[in-house]
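Only one structure is covered here, and it is reproduced in the block below.
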């Protein structure tokens, strides 16, 4: 598709390029023209003649957009492809007019109302999915856009997934099909009050009684209580319960059992189950994370999910599973998804901060010439170097996660293909990288949301920023699917092993796709390698960054492996070093995958304007990351103190180069206003008008209060309290 | 007081040493024996025979405490003094039995109920303060302990303070005395929708009309709306409004006016005022931050606060203020308070994480010998080096802020004394340091809360951790009283100036208390200075750290000043460098003030056990900070790559040395359970029992839900929705 035809189809201000096929139902993702569906009245009588002072936000953003050296629509198309953008458009038209999917009201609601709204959303989602015949990609994207974690969340993911993957044929009939039709609602009960990460340590038991052909599910202690289980608190009637299997007096470790927990009609817990919601959380208030205790609950033999391991119903004999390695594939897939999600979170955070800082004005430039009598105009906050330094690298991180997310899914596919042909050579490398990337990307994204929120100044603290709710709901990702500070041990073990193997034999055979071995070999060949940067402009050599990050990672791995193997240090005394090895390895991957695109992506090569701006973003990511981690580059001897000064100067120069491109780069990330859900980050820039509207909807504004300290009446016209 | 007499008065498990005088009404701060005052029923029927598995938390903490090499009570006494501890005890006895001061219920409440509870708290506070004749120190400490930011907050602080300081004698009668008796409730209206940091840019106008002898207060635009004003939304009937003064056609900048805004009886806004609450926020939900627009509101001449600047009522002539420098004193005082508050926040965060991680068990040690048949026992999470690395430095930061907070108040007193004698020599140094310290301490404390929350694993995400609410309510401190990323320019300007002065004249006269000049001179004498560390044990020399941090700060200041003065760079292009100078300067101060205590504090010298453990904490603070910032120590040439390796090893060694002292160090910080408000961090260690109780009080557990996607009934027994 040529540039011309692209320009022709988009209405002014349109973010997303529409394909010819969808141009009939043109729909603009980003003009923020959605109607308010919250149903909340406007409680403050704002005089309608008042406008924000100075140039309107919409015009300021328009000017910003006109400064860019590239077309954000073409960049969006390059990043996401036409199919994805079409799908977003198609779904948005359905989703954003649904009252059940309104997000604005959540800000004003307490826990109870939020949960009800989420349940309503879940029901409506099921109806619409059926009505519009959504395929799995539609469903997944619709969930992303609606962005309200609800009580059916675990039913639709882990519960169904576990049934499908681990249930035998009979169990598909017995459970899966009913679950797919929402006749039963399930949850996935693994974590316990006293046991999270360490699945082997779970306390819940499932003891086989061959006389009655039943398993007895029991919670032997208070800490054995299942805890944090999404959808269990008030919703689910079935649970996949991970419990220690005992049969014939022997223990066989944790296995998955399907346990009915609530009466399908009355919704009361079944006998022997004590169930409840675990109470208020920092976020995820729309979900009923729950607890359950079992008092010797009996379930039939066919409720142990039996595709892999089974118990002979007559003898109680345990039959072992075939191949455990396949499980790593699923983990890798989930973790690649987390990298992709980090891209989206980083994009949302930086878009809000960058657009708002382009509008917000504060102080005149200290060096601005003073015109007599007239005060110098205030600067957009985005002009301040310190603001740029805090938020532009986050924009760059979004792009870095984009390329590494794409690469992780490619590797997952390749590794699944290889494994189906019996070749497991790629598995360890991909598993190790995906663990470390899960760690670094979640920590980076969580920090980014808060950094961007602060960069919005005072208004960042209003829920109107959208960043508070995003942060609160994103935080669990740092902890679940492998705690991000602990999971790096999996990466570390692999890095140590690779170092040992290649140290002993430089010709040891590695999978051709193994990039870890590549940088370790390069280091072993020349551990004294040095950067050849002589001027700050030399921090422009794309391949040079790849070598630098590889050298630094290998240096840390070599040091740590030495401590373990030669100095015989305990594993525990190396945990921080191991964490650092994992971070260094994953930063290498992020830089390397980004560099590959800059150097070799054919779609980019033919578009000089895009290639130029993408390379700028790459350089900022690489230089900024290198500066943050500079002590290790310096300590390894790879860069000198003088080069460190050049590096910092290069970061400053890059910030200035990104400045005119910043808003257009945000646009290219194609986050529709409905997903952004931020008055500060709106595509149309009408920030201040919308902040006032946001205030007007506060229900508290409908109540008057009695402030006399000696009067026990709180709200005027309501009954007095007996005492304060 | 001898150790013996101290031991004699404390009951077992008591944290706070009681003096002889208060030993009659003995009260234990920390056993967590408070009754639940929330009034919420227990909704989950937990079987009473179930207990947590393994050693009870209470016993685990007892064992931890017995491992310490010092007496935490004596350390508490050394840190806080008897008077303060007595005061805490006295107030706690009154406060923690008051239902109006119950904090537990807030977790379960929506905005509306939280606000009502806070208003109730404010009223009860006024009553008790009168009843018990609380002095200002009592009031301030009581607010800290109750820790519920309420709608009278700004009335009691900025409103009254501004009236007192800036009102003339008549105005004390007219406003202050009525405000002190709570006959009028005020707020402080400075920030506007479009203007936060830049007070000079405020849009609200106050135009003097000499014909009627009135000021006309007006909001010329939407962005002129006062915004974020605490207590304005639903509560205040008066406001101190900062507005641009115009008289006789000329502008004189922002001045404070007292403006009546609500009818004292009906609580309706007075004519020409549009008032409202600004809506939901990330935290501070108990406060009604508000907005106000003025439509040519007329107020009498005597409503301009007139102690400093005045307008002649007849002629409209403006009369200038005398001395503006005194205002810096107040700012310094507030910022010193923020450093002290950071100590408390860091203490709370690290106490929760350390106590809970001493109880929580997860995984066996990888290097633990495998006993046949028996699984190795799981480790307390606190044994993992990675966990120690994340939370012990935060404990050390609490101690660092303690000493620097004390020093800032001492300097404030000294500088006020000097100024009253016409000596302003200390003012600039203290003002610059307090700005930079405000920045670094708030950023450090906010990050610490989140780090400690994550270190608690999954349960950190429950509001039962207490860290979510602490974080949400602490965050504004990073932004207000000078945005922590912008305010460092004040520090930078001073550091540049000092560098220039001393560069030109090494003998330039500085105040004897000026420690900045000291380290800059040392650097100028020997910019090539190098650390003499040869072994990791050399990172033990207290004065050595002071020199190292001074050298690094001076190196950065010299570089940045050079860019400004020789390379003629713009101020804006140096903002990141300036920020770094400020951070380096303030880290020097934190290290230096801590070091002074370790080296010279007489109270410490006579107590070898305390001195030993305090020095360990100091070394951890200094080494950890040095490692985090290592690139600048390396780049300045002060340490070599080899010394960098030694430094990291020293940090690891210190973590292991702190390990047995950690829980006792927490105890010594004397945060009572009532203030901690965390089930994870409870003094008694009964974590799991209390998490279950916390879940049981969730009101949602009293409702049953209909999960059928095709049924519009949400809660069973409640009316159906018309549509989903």
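Each position is counted from 1, following the chain as shown.
Note that Cβ sites are derived from N, Cα and C of the backbone, with glycine treated the same way.
Residues in the domain 'Acyl-coenzyme A oxidase N-terminal' (A:72-185) partition by DSSP class (helix H, G, I; strand E, B; coil) as 89 helix, 0 strand, 25 coil. Taken from TrEMBL, the feature domain 'Acyl-coenzyme A oxidase N-terminal' covers A:72-185.
Annotation source TrEMBL lists domain 'Acyl-CoA oxidase/dehydrogenase middle' at A:187-297. Per DSSP, the secondary structure of the domain 'Acyl-CoA oxidase/dehydrogenase middle' (A:187-297) breaks down as 6 helix, 54 strand, 51 coil.
Positions annotated as FAD binding site by TrEMBL: A:191, A:230. With a 10 A radius on its CB, residue A:230 (FAD binding site) counts 26 other CB atoms from all the protein chains.
Marked as domain 'Acyl-CoA oxidase C-alpha1' by TrEMBL: A:328-495.
The C-beta environment of residue A:481 (active site, proton acceptor), restricted to residues of the same chain at least 6 apart in sequence and closer than 8 Å, consists of A:331, A:334, A:335, A:338, A:438. Under the heading active site, proton acceptor, TrEMBL lists A:481.
Summarising the annotation, TrEMBL assigns domain 'Acyl-CoA oxidase C-terminal' to A:542-710.
Proximity to chain B, defined as a C-beta distance under 8 Å, is registered for the following recorded positions out of A:191, A:230, A:481: A:191. Between the domain 'Acyl-CoA oxidase C-terminal' (A:542-710) and the domain 'Acyl-coenzyme A oxidase N-terminal' (A:72-185) there are at least 3 Cβ pairs closer than 8 Å, counting only pairs 6 or more residues apart in sequence, which means the two stretches are in contact.
Neighbour count (other Cβ atoms within 10 Å of the Cβ, all protein chains): 22 for residue A:191 (FAD binding site). The average pLDDT computed over the domain 'Acyl-CoA oxidase/dehydrogenase middle' (A:187-297) stands at 96.
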